[in-house]
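Taken from Swiss-Prot, the feature ATP binding site applies to 79, 80, 81, 82, 83, 84, 85, 86, 87, 88, 89, supported by sequence analysis.
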């Protein structure tokens, strides 16, 4: 089973919004064995060892009230520590492969919950936005955490994703959360509500113009931008080349630009040039919204 790369937040949707795209993927193969326990082998990028996937299985087994013997092989093609949901997609792909192999019917929210709790092994705390998008595909809103309530949309959107080749930031999630403001002015709060409303409305209508309005952010992104390599230049060059909006992908350092199809080539070239002028190597891809790992289950 295959799970797509994801980009969380998208500007104003901090911790509640993520989109699945086909820039990269993680794929998993599972064989059931006798006994109880999970044996995991990784190929490609290893997102923090097998703890993420192993814990995801443990949480799912607890939810189902039974333990299985599982041999899982995960082929992760999503660069790690780049804000692209690598660990979450690996866990989702493995759980989806297990569910198919075991012939089970499982509530998608239970899969997302198990994978999100498993991701705490890599991120330090549960994150449901990335794993929800990897599982369900399209664009996902976390409407509630307790109980976990997910809302999926299926917009047709095109992105340019820039992935700089930089050393991973130690304790990235902790650092990028530590810089967030503890208080915001009331007017900023109201403006942020308007933006995230536009973001969700844009998903519902598959309207890039509304999504672009929602990708503007005055709270989280300004605080994180100084910690994202080439942020200002990438953003400026992408917008000048025709991008509708630009945001940090997850906690970075990758960036994601929303584009019209006709402008994707020009924006991709502009982002490549921006990284090069900053002295950075980067992989820049044109991507579209993708289906999730649970689509056939």
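The backbone N, Cα and C atoms fix where each Cβ goes, glycine too.
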Once near-sequence residues are set aside, which residues in the chain of residue 79 (ATP binding site), 6 or more away, have Cβ atoms under 8 Å from its Cβ?
24, 45, 86, 163, 283
Look at the binding-site residues 83, 85 and tell me which residue has the greatest number of other C-beta atoms within 10 angstroms of its C-beta.
85
In the structure shown, with every protein chain counted, which of the binding-site residues 81, 89 has the densest set of Cβ atoms within 10 angstroms of its Cβ?
89
If you run the three-state DSSP split on residue 89 (ATP binding site), which class comes out?
helix
Give the number of CB atoms, excluding that of residue 87 (ATP binding site) itself, located within 10 Å of its CB.
32
